[in-house]
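According to Swiss-Prot, the protein carries these features:
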BINDING   395-397, 424-426, 451-455, 504-509  substrate binding site
BINDING   D395, D397, H504  Mn(2+) binding site
SITE      K379  site 'Important for catalytic activity'
TRANSMEM  17-37  transmembrane segment
Amino acid sequence: MTIMTMIMKMAPSKSALIRFNLVLLGFSFLLYTAIFFHPSSSVYFSSGASFVGCSFRDCTPKVVRGVKMQELVEENEINKKDLLTASNQTKLEAPSFMEEILTRGLGKTKIGMVNMEECDLTNWKRYGETVHIHFERVSKLFKWQDLFPEWIDEEEETEVPTCPEIPMPDFESLEKLDLVVVKLPCNYPEEGWRREVLRLQVNLVAANLAAKKGKTDWRWKSKVLFWSKCQPMIEIFRCDDLEKREADWWLYRPEVVRLQQRLSLPVGSCNLALPLWAPQGVDKVYDLTKIEAETKRPKREAYVTVLHSSESYVCGAITLAQSLLQTNTKRDLILLHDDSISITKLRALAAAGWKLRRIIRIRNPLAEKDSYNEYNYSKFRLWQLTDYDKVIFIDADIIVLRNLDLLFHFPQMSATGNDVWIYNSGIMVIEPSNCTFTTIMSQRSEIVSYNGGDQGYLNEIFVWWHRLPRRVNFLKNFWSNTTKERNIKNNLFAAEPPQVYAVHYLGWKPWLCYRDYDCNYDVDEQLVYASDAAHVRWWKVHDSMDDALQKFCRLTKKRRTEINWERRKARLRGSTDYHWKINVTDPRRRRSYLIG
């Protein structure tokens, strides 16, 4: 009897213990699920940040190029007074979908309001507690070229590149936010509206809030609601993350890890996104073995080039593929081509290593008929390669000398500088997206390319970009045309082992010259592109190819006639570099005919 009584007394205790264990097990399962499905930010999305010498979080010098800090302070004081004296506030009505996007949970809903000081937010209180996000606005004296200078000392020979400060809110003082609402400046259609620093600042404030203080769903996405006539910057807020659009309201659900990666990089091209050389000097390359050892391949990636309208770059594309394979890359090589490339040459391109994909050309509606750049917008087809998460585009007049796989760790748009705040589109890191392709195509009749080609156009679409070292896409030119510049660059072209990652051949291409010397020397207007050292480097790659591929680099009779005519003119005008005196031994000087 005593034993039965004890068992009966213990039964409720065991039942309670079992219930407690089940609850604990369920909680542990939920926690494990959340961790398991959290996208890894250590390899694909954020590994690029480990190379940054001065990131968005750290670049805070006291002087903006040519602008005294005192002037900025005074200007910002004026901005504050303007805000305080704003008498007529705009009554801001919420979008119709406001209720459905707010997830009600424990505690009061918190809504962060950015750049809303001049708005009447009375009606918003029914949705939750509105929190004004305070930050100091950039001065009107702060110009785009301060963030995107034409030149920086990449090798740090005389100075260490730094970026001017863009003020941000005090994030540590803020609580978690259920929603970030942003009033985005839009000065369209004023000239230069895309490169307004305040526009960039507000986009960055929104991105930082979403990444650092935004509550996330099970997909680790936060919510950002923009109010603007202009679309938020697609360089920061991808159009793929646009969930709803209603009048001037834009609802985004960005992936937090993607935002974190972008925010880890310098705020402009004022510093390198990828410093390849150690502080000891340009000859000491960073040891990347640890990064490469830790790197997995969670995404599909490829190198891509494009051929269209003629076969004049077939030889260049063959040589490019061979140079990439010599770097031991394991990424796919994709070649986009139109119907202008013959079957014979397509077979040669495939034999060189390219996987072929046919495209339909895209015409620039503002180009003159039959002009050289009439179909240069065909390059936009790159964004339709959506079976790849990331691609690196490389022009067919480039050879690669060192492995470039590291660039896959960097976001769109990463490239090398060209002129002023413009990047060079010869090598670009791209994230394919049908949505982005549609955005690019939709503005063809509106955007006027400064150079009539894809480079000028893309620089108006992606104005916020990340500077890669010029040695990643080393241009074969000598703009100052000084002996010092020529000596430095020619030494880099000839260095063994290679000190540049890729050489971009401007002017007459190597396969359109005799192999004996760079034929740019024969034309006065082309002298800025002339380099025998770079010429020899290209032919070294060519000579390593199979004979069956080399024959596609033969000269046409027409081109041979042009070369001989230019040599004759150089002799008649007494060109003092005397390249016209060089005895031509190139066997292609006789066997000059078209293949296929």
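Each position is counted from 1, following the chain as shown.
Even glycines carry a Cβ here, placed using N, Cα and C.
Since we're looking at a predicted model, the values are computed, not measured.
When the binding-site residues N424, N451 are scored by other C-beta atoms within 10 Å, N424 scores highest. Each of the binding-site residues Y505, W508 was scored by other CB atoms within 10 A of its CB, and the lowest score goes to W508. In this structure, the C-alpha atom of K379 (site 'Important for catalytic activity') lies 15 angstrom from that of N451 (substrate binding site).
Spacing of N451 (substrate binding site) relative to H504 (Mn(2+) binding site) is 18 Å (Cα to Cα, whole number). Among the binding-site residues N424, D454, Y505, the residue whose Cα lies closest in space to that of D397 (Mn(2+) binding site) is Y505. Cβ contacts within 10 Å of D454 (substrate binding site), excluding its own Cβ and spanning all protein chains shown: 24. DSSP gives N424 (substrate binding site) a strand state.
For H504 (Mn(2+) binding site), the same-chain residues lying six or more positions away in sequence with a CB closer than 8 A to its CB are D395, D397, I398, N424, G426, I427, N473, F474, L475, K476.
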